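Copied over from Swiss-Prot:
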ACT_SITE  ARG162  active site
ACT_SITE  LYS197  active site
ACT_SITE  HIS271  active site
ACT_SITE  ARG274  active site
ACT_SITE  HIS297  active site
ACT_SITE  TYR306  active site, O-(3'-phospho-DNA)-tyrosine intermediate
DOMAIN    13-100  domain 'Core-binding (CB)'
DOMAIN    122-319  domain 'Tyr recombinase'
Amino acid sequence: MPQSASVDDHGAQAPHPQIAAYLDALKFERQLSPHTLQSYTRELAVLQRLGAQHAANIDLTQLQSHHIRRMMAQLHGDGLSGRSIARALSAWRGWFKWMALRDAAVTANPVDGVRAPKSPKRLPKALSVEQAVALMEQLPGDDAETIRDRAVNELFYSCGLRLSELVSLDMRHVKAGAYESASWLDLEAREVQVLGKGSKRRTVPVGTKATEALAAWLAVRAQLAKSDAAPEDAHALFLSPRGKRLAQRQIQLRMKRNAIAAGVPADVHPHVLRHSFATHMLQSSGDLRAVQELLGHASIASTQVYTSLDFQHLAKIYDQAHPRAKKK
């Protein structure tokens with residue numbers, strides 16, 4: 001017999017008794033945050049609503065995989081993204097797993113083996129070459145912070161570093177007492193040694209413009225340095241006005257502001273410069289494997305997304321140049 005579900009004063013269906021019990025367990029036993037708990041509540045309400053539509057004659061705990069697949073198909077048909085459906089399936093799977101430990105009648109998890117449809121990969125945003133040059137060259141001011149910001153921008157664009165990798169850089173390799181640099185700049189060799197994701201180390205060359213910008217920054221770095229700084233800050237390549245290692249959030253905020261000052265009409269953040277580096281390198285060289293190594297991707301599949309961007313560039317050139325492709 002299916003358990004009846006009442007309707008609350010606002011016309012919404014009250015939670016299935018076992019869903020209500022599960023939500024209480026998440027709240028009081030697992031102590032999930034209110035935001036996460038709200039997400040579970042929403043996804044399980046969808047399960048209950050769709051269960052009533054697709055299997056009204058059985059209790060929610062007795063749903064089978066074919067019910068779940070039909071419900072997923074409805075969500076997909078309603079326009080939900082693969083990511084949103086995957087989030088719903090995850091919440092449903094958790095509830096059925098919890099139920100299986102408490103109810104002998106629940107002998108299998110109907111969500112196991114059900115996979116959400118894949119969402120199309122979102123292509124990363126990249127600046128045009130002209131926009132990248134403007135961001136590098138049209139930043140007004142000659143104070144220490146502005147000189148530092150120019151060096152930050154140039155290094156991002158020259159090396160394609162992740163934000164976490166850039167802030168971890170020291171001025172040089174240091175091993176003093178308990179402190180040892182994880183990542184560092186070797187200005188003389190014109191390269192950076194980076195400890196990236198998965199503790200994978202790589203060497204990335206630094207271009208001429210970035211080398212010049214870094215030299216200019218190192219010449220004024222002492223203006224922001226503090227004599228009593230801890231080793232973590234004393235050896236940092238980039239400093240805040242308080243003499244601390246420059247924080248990721250500070251870089252993000254200043255880059256956004258500096259982009260506006262440089263007249264770059266784009267939502268610029270550090271990862272946009274990493275994407276721009278990869279896209280422009282691939283357009284110039286066509287060497288996907290080299291770009292993979294420079295970016296520090298463990299798999300070539302992560303780098304292949306840039307081939308789509310490169311094809312867009314080639315298609316645009318084709319449309320502009322081919323006599324039979326030009327729009328009249």
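From the backbone N, Cα and C atoms, a Cβ is placed for every residue, glycine too.
Overlay of Swiss-Prot feature records on the structure.
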residue	record	Cβ within 10 Å
ARG162	active site	19
LYS197	active site	11
HIS271	active site	15
ARG274	active site	22
HIS297	active site	18
TYR306	active site, O-(3'-phospho-DNA)-tyrosine intermediate	24
Among LYS197, HIS271, ARG274, TYR306, which are recorded as active-site residues, the nearest neighbour of HIS297 (active site) by Cα: LYS197
Proximal residue to ARG274 (active site) among active-site residues ARG162, LYS197, TYR306 (C-alpha distance): ARG162
Minimum Cα separation from HIS271 (active site), reported as the residue among active-site residues ARG162, LYS197, TYR306 that achieves it: ARG162
Three-class DSSP secondary structure - HIS297 (active site): coil
Rounded to the nearest Å - Cα separation of LYS197 (active site) and ARG162 (active site): 9
Helix, strand and coil counts within the domain 'Core-binding (CB)' (13-100) (DSSP): 68 helix, 1 strand, 19 coil
